[in-house]
Each structure stands twice: as C-alpha cells, then as structure tokens.
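**Q** What follows is a structure written as structure tokens; I'll ask about it next.
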Amino acid sequence: MAKAGLWASISPGSYSSDTQRMENIHDGDGTPSSSHQNVKGTAKWATSLENLLEDPEGIKRFREFLKKEFSEENVLFWLACEDFKKIQDKKQMQEKAKEIYMTFLSSKASSQVNVEGQSRLNEKILEEPHPLMFQKLQDQIFNLMKYDSYSRFLKSDLFLRHKRTEEEEEDASDSQTVAKRASRIYNT
C-alpha cells in the first residue's frame with residue numbers, strides 16, 4: 001500500500017502531465033511556445049545533470065534511458081527525496097519517509113538503490129523524520145548518476161535522437177520566421 005502511494009507520486013504520469021501542461025502554453029501569436037523552450041532542452045540538459053533534473057521533459061527522457069539500463073530506481077529515489085524535503089506536515093513526513101525506506105532502502109525493498117551506509121539506516125530513524133534525513137544517501141545517488149549514467153545518457157541514441165529532432169524543429173522554425181519577415185518586408 002505504501003509502495004503504491006510513492007509510485008503514484010513519482011510515476012511518469014506526474015511528470016508527463018507537467019510536460020503536457022507546458023506544451024499547452026502559447027506565445028503571443030497563438031503558437032505553442034514549448035518548441036521554443038524544448039529547442040534549448042537538450043542543449044541545457046547537456047550542461048549539467050542539475051539542469052536535466054529541473055526539466056520535466058529531461059527527467060522523462062533520462063528515466064527512459066535508465067529503464068533500459070535497469071537503474072531507474074536511482075532517479076526515482078532522487079525525485080522521492082526531493083519531494084520529501086518539501087513536506088511540512090509531520091505525519092505526512094513520517095509516511096513518506098517510510099515509503100522511501102521500504103521502496104528504496106530496506107533489505108526487502110522492491111527497487112533497492114545501492115548506497116553506502118544503507119545498512120546503518122534502520123527503521124528507528126523513521127520515527128523522528130526531518131527534511132534532510134535522506135540527504136547523504138540522495139547525494140550518493142546523485143553522484144552515481146552524475147559520474148556514471150548521465151555521461152552515458154549524453155552519448156545514448158535516445159538523447160542524440162531527441163537532440164536531432166530539436167535541431168530539425170529549430171531549423172524549420174527559423175525558416176518559417178525568415179519567410180514571415182521577408183513577406184512583411186516585401187508586402188509593405
């Protein structure tokens with residue numbers, strides 16, 4: 001039951017719905033602005049893992065990649081910890097701490113992450129949770145992703161295909177913009 005709550009809060013749907021909302025944002029001329037934002041997507045993702053993790057579309061693509069590498073639990077754990085830090089209510093914090101522990105850290109975890117000191121984190125700590133209780137473990141996972149999976153992601157077919165698509169969309173958009181400007185100049 002606790003596992004379902006955690007997965008529901010960090011499932012692909014929760015991030016893709018944010019992406020869908022972003023796709024519905026329009027520029028002043030009535031055209032979707034997401035193409036302008038996404039054009040910078042892969043270029044921004046390539047600058048740092050932090051930038052990638054700030055973008056819902058970046059998270060979605062990175063998760064796709066990590067699934068293929070059988071290490072999606074790393075980003076899911078990192079995201080769950082980020083959500084955990086935002087919780088104010090003590091009871092909610094206890095519930096979420098237990099969900100994170102049972103899903104990612106316990107010896108019986110369904111999606112166990114591989115972190116040092118994991119065995120030292122026991123269920124007693126869950127009784128008095130605080131927003132940064134998972135910080136050390138989250139940092140370990142972040143560094144694992146940053147120095148391992150992230151660099152492979154940037155070289156992956158998935159990333160390179162997405163980058164090419166963005167570049168093609170940008171070229172098409174630039175061509176249309178030039179054509180519009182030219183027609184305005186010559187039609188005046």
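A Cβ is built for glycine as well, from the same backbone N, Cα and C atoms used for every other residue.
Residues or ranges marked as compositional bias 'Basic and acidic residues' by TrEMBL: 20-29. Residues or ranges marked as compositional bias 'Polar residues' in TrEMBL: 31-40. Taken from TrEMBL, the feature domain 'RGS' covers 48-161. Marked as region 'Disordered' by TrEMBL: 14-41, 165-188.
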**Q** Which residue counts does DSSP give the domain 'RGS' (48-161) for helix, strand and coil?
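**A** With helix first, then strand, then coil, the domain 'RGS' (48-161) has 83 helix, 0 strand, 31 coil.
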**Q** Calculate the per-residue pLDDT averaged over the domain 'RGS' (48-161) and state the result as an integer.
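**A** 92, rounded to a whole number.
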